[in-house]
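Trainee: This is the structure I have questions about; it appears just below.
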């Protein structure tokens with residue numbers, strides 16, 4: 001008994017920090033992180049203000065546009081995850097760099113990390129705003145002080161490790177569900193006419209249907225304030241390195257969180273627009289507290305949602321910076337790549353993110369910070385959308401090329417044979433058969449001879465009119481091969497000399513995979529991604545053209561710095577796709593002009609086989625030719641013809 005009692009470990013000896021890697025699944029990782037970050041402080045504090053300015057109809061439109069932009073970006077990210085071979089760490093940065101190359105990927109990663117820093121400042125400011133209004137501290141420095149204290153506490157939690165962040169979010173999700181339920185139930189159980197909550201009324205619903213903008217507000221300025229609610233849709237992608245199965249967890253968790261969020265957005269808009277007066281909606285940012293049945297539960301919900309959203313931003317931004325630094329994409333931030341602990345917690349990057357967030361906290365105004373975040377994330381989402389479009393178009397381009405040069409095995413090539421087997425095979429002369437290549441033909445037969453081979457790996461490339469290829473490239477090894485062929489010019493034979501231990505991968509398409517079959521596959525569409533990219537750019541300029549130009553200028557500066565100091569980065573899987581050339585082809589097709597395709601070249605792969613070329617003497621050294629020099633000899637002589645007649 002005493003031994004069992006003594007075996008209990010005291011609480012002060014417990015391990016509070018992460019000592020081993022922790023991996024999460026769909027619901028405890030992706031779904032929780034996305035939903036918690038989507039239900040941020042903007043939804044609680046600015047939904048009523050949005051309805052009061054634009055009305056119920058336009059508020060629903062804002063919600064639809066917000067969810068559409070975020071959903072298209074999420075689907076593009078999911079499509080990239082599924083169609084690329086491996087899913088590394090770094091979230092949005094890794095996705096874009098995998099497709100568009102390290103230069104653009106590093107630039108987008110920096111922009112995205114900066115946006116998360118500003119988001120963290122936004123949520124800390126919203127938390128502080130709700131606290132000061134609750135205690136009636138009408139002082140801007142009180143808001144800044146509470147926000148700074150909140151930021152420092154959340155930074156400490158992130159330094160403790162990812163396990164504590166996720167554990168905290170699970171508790172916050174439960175509190176958030178209780179708070180939302182309290183708000184919905186409150187619309188039925190009581191009213192508060194003094195504060196503008198009059199209950200369900202057809203007159204109130206009619207009055208709040210149309211817009212009534214305050215001074216200085218427009219549809220797009222209101223949209224710019226509300227859009228940061230959707231910045232959490234990439235939270236699941238950002239934690240890809242901490243997931244057990246990212247390819248499965250990210251699609252299900254992200255799409256589930258977006259669907260639930262969209263429904264609750266509409267519920268918030270319709271309930272507030274049906275029960276509260278317009279004056280109360282425009283002037284009282286805490287109107288939802290008056291609507292809820294128990295105001296304390298609503299306050300706890302807003303406090304928890306703001307802190308959890310901030311913690312998610314503080315979790316994602318340092319890991320994006322850490323991934324960029326570890327790959328040395330931008331040399332100036334290489335010092336941020338160092339990680340500590342089993343999960344490689346980016347302590348230095350967390351401190352840098354905290355400092356940037358601290359700078360934006362001093363602005364102290366939610367409506368001023370929100371448009372900055374909106375323009376930043378619009379540019380990032382447009383990059384993700386275009387990445388998937390370029391990836392899909394590049395895959396089709398490779399499919400077209402491989403249809404033109406289909407790979408078949410030697411066994412299926414009936415017009416070729418291997419004959420004249422010898423102990424040592426030799427081709428005694430070079431023969432080239434080559435034809436002009438167009439869409440329906442191939443490059444003819446090319447045989448390289450005068451080479452003694454031990455192992456020959458033979459692969460056959462067939463023209464576009466032949467049967468479909470196998471899913472893999474079949475190769476056959478023969479000890480003493482000698483090739484004989486027909487006169488057909490629709491074949492191109494590539495002999496690759498290789499040692500028995502050497503292998504060559506002919507399938508360049510392995511870098512981009514075919515889109516897998518799933519219930520959401522129809523949503524991962526290249527044209528919807530292109531539309532999402534165009535929509536994001538247009539809305540970004542409509543919200544605030546100065547902020548939009550500033551973000552584009554920052555994007556170009558970071559890109560030029562990366563290209564200057566690190567020009568040898570990976571060009572990406574879609575490096576061969578050109579959007580400008582595609583536009584030219586589209587317009588040429590519209591004008592019924594046939595585009596002249598560039599000349600195609602087939603370059604055989606290099607071989608590292610240990611074969612050398614040795615000159616061979618045609619004659620032998622003996623007494624008959626002992627006095628003859630080792631060079632070609634000829635002489636011109638005069639002869640007298642004698643007639644024998």
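Cβ from N, Cα, C; glycine included.
Curation plays no part in TrEMBL annotations; they are all automatic predictions.
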Trainee: For the feature transmembrane segment as recorded in TrEMBL, pick the matching range from 198-217, 218-237.
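Mentor: It is 218-237 that TrEMBL describes as transmembrane segment.
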Trainee: With contact taken as 3 or more Cβ pairs under 8 angstroms (pairs 6 or more apart in sequence), are the transmembrane segment (92-121) and the transmembrane segment (345-363) in contact?
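Mentor: Since 3 or more Cβ pairs under 8 Å link them, the transmembrane segment (92-121) and the transmembrane segment (345-363) do come into contact.
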Trainee: At a Cβ cut-off of 8 Å, and with pairs 6 or more apart in sequence only, do we get at least 3 pairs between the transmembrane segment (56-80) and the transmembrane segment (168-189), yes or no?
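Mentor: When sequence-distant Cβ pairs are counted, the transmembrane segment (168-189) does not touch the transmembrane segment (56-80), since fewer than 3 lie under 8 Å.
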Trainee: Determine whether the transmembrane segment (249-273) and the transmembrane segment (21-44) share at least three Cβ pairs under 8 Å, counting only pairs 6 or more apart in sequence.
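Mentor: Contact between the transmembrane segment (249-273) and the transmembrane segment (21-44): present.
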Trainee: Any chance you could find the range in 21-44, 168-189, 345-363, 369-391, 533-561 with the most Cβ pairs under 8 Å to the transmembrane segment (218-237)?
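Mentor: If we count Cβ pairs closer than 8 Å to the transmembrane segment (218-237), 21-44 scores highest.
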Trainee: Across the domain 'Amino acid permease/ SLC12A' (30-390), what does the mean pLDDT come to, as a whole number?
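Mentor: 86, rounded to a whole number.
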Trainee: Given the transmembrane segment (21-44), which of the listed stretches 141-161, 168-189, 345-363, 369-391, 533-561 has the most Cβ pairs that are under 8 Å apart from it?
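Mentor: Counting Cβ pairs under 8 Å, the winner is 168-189.
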